[in-house]
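Below is one structure, written out as structure tokens, with a few remarks after it.
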Amino acid sequence: MNQETLLLAGADAGAPRGLGRRHLQVLLLFLAIATAYGIRINLSVALVSMTNQERKDGYPVYQWDQKQFGTVQSSFFWGYTLMQVPGSMLVQRFGPRRFLLAAMAGASVLAVLTPLAVRLGGMALLITTRVCQGLLSGLVFPSSHNILGRWAPPMERPRFTAFVYGGMSLGTVAAMGGAGLLCGSPLGWPSAFYVPGALGLSWCVLWYLFSADTPAQCKGIAAEELAYIQRSIGSATTSSKAVSKVPWKAILTSPPALSLLVVHCGQNFGHWMLLTEMPNFMKTKLHFNIKEDGLFSALPYVSLWAATFLVGWSAQKINERRVLPLAVSRKVFNSVAHWGSGLTLLLLALLQPGRSGAVALLTVAITLESCIFAGFYVSHMDLSPNYGGALMGLSNGCGSVMGILAPLIVGLILEDEHNPSEEKLASMWSWIFILTACIYFAGNLVYVLLCRATVQPWNEPQTPADEKGTGLVTLPVSDPAAGEESKSEAYSKSSKSQA
């Protein structure tokens, strides 16, 4: 049993009974992630109502074509992608608490101002607002992940991380279902921006009152809990290697590492295509009204949220009992996610079922995505425990570009005609699903062929003599996906020690 295993085995010894301040921090972070996703996702449903020419509730209606629709949908990611590395570096240098507060406050204020921005400046000002929200949201996940690292003892970290980042699915469900109900209410589509904005500002008050960068800076923490956190996290930090520079050249010439970039791009294209365009599909192809649209768009993400916990438990049992070699286990789970989802989307495209069948197939496709948390999301730490965060940041940064491209490509495919026939519309959506399935298949094929579950040679930190002329740079803290890495980090390391 190595030193790290001994550390994890003893880290939970002496944990105070009951709930403490660390649990409050975790709850606040969960609410932050859920609210941030609500602010991000609500536009997908609100746009359907904003462009509904048949609506007679007195609120403005905008005549935007599908290409413009896609541009508005992708604009959030222009700012989000740009802020990934700079945001991580700012959080790492100056502390996460203030940046998380500023990010949530700014994004919430912009959400409240969005209806006014659309009235005053039309699409141009709406896009500007969304880009700014993306810039601010680029700080949310690095800040949250940084705080978890400071507050969560090693044995509690997987549970805390799973709970915090479960806010993504819950925020998606609440945004899609809630925005649909609000848009269909007498308050109209502007309320789909006012409500999440108000919730975000309310969260900021709680965060200002009860949060702290570190346990030592928390005024209300009990001495027993403070000692427990400092003992467990302090020991973990001491036993870890001090890694401050990343071997980018070695990473960018490593086939297993490059396979993660490819598979992450495929994952993000499919994920954001479904997330941003499903309300549009349900309106234009399935002819749901705005309330039904929001509720049925949210349904698959309820299933995804529940399946995430089942997948984590199943993968841990498989690895503990050595049912499959670790590399095979990773690839099987990822293949279920990507090839399973791709096959389901192909069935949706080719069979063109009715409303119930389409919703069922979409639910299956999105639910199968949960298997990535036992697939490629864990591979970053398999390849490099030391630089797993940097590798995740690199792959997720590349994948974030897909959040820009997916709605733009959908907009280009759907812009053929302003009022296409039912047959033509069905054909266009079929091509969208076929394209997404092909990207899923190709990305996972590269992962299956090239990725490994063994530590790579470049994982070891270089000596000062080795660093000369290598162009190493400072390690950035990663972004949203890094949270998912932490979720599986503990059982990943455990599995490797048993393999």
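Cβ atoms here come from the backbone N, Cα and C positions, even for glycine.
Here's what TrEMBL has on this protein:
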type: DOMAIN; residues: 24-455; note: domain 'Major facilitator superfamily (MFS) profile'
type: REGION; residues: 460-499; note: region 'Disordered'
type: TRANSMEM; residues: 26-48; note: transmembrane segment
type: TRANSMEM; residues: 99-117; note: transmembrane segment
type: TRANSMEM; residues: 123-141; note: transmembrane segment
type: TRANSMEM; residues: 162-187; note: transmembrane segment
type: TRANSMEM; residues: 193-210; note: transmembrane segment
type: TRANSMEM; residues: 295-315; note: transmembrane segment
type: TRANSMEM; residues: 358-378; note: transmembrane segment
type: TRANSMEM; residues: 390-414; note: transmembrane segment
type: TRANSMEM; residues: 426-450; note: transmembrane segment
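Where the transmembrane segment (390-414) meets the stretches 26-48, 123-141, 295-315, 358-378, 426-450, the count of C-beta pairs under 8 angstroms peaks at 426-450. Among the recorded stretches 123-141, 193-210, 295-315, the one sharing the largest number of Cβ pairs closer than 8 Å with the transmembrane segment (26-48) is 193-210. Here the listed stretches are 193-210, 295-315, 358-378, and the one with the most C-beta pairs under 8 angstroms to the transmembrane segment (162-187) is 295-315.
Listed by sequence, the residues of this chain that lie at least six past the ends of the transmembrane segment (295-315) yet keep a Cβ under 8 A from its Cβ atoms are 44-45, 162, 166, 169-170, 172-177, 180-181, 274, 278-279, 282, 288, 329, 333, 359, 362-363, 365-371, 373-374, 487-488, 491. Averaged over the domain 'Major facilitator superfamily (MFS) profile' (24-455), the predicted model has a pLDDT of 84.
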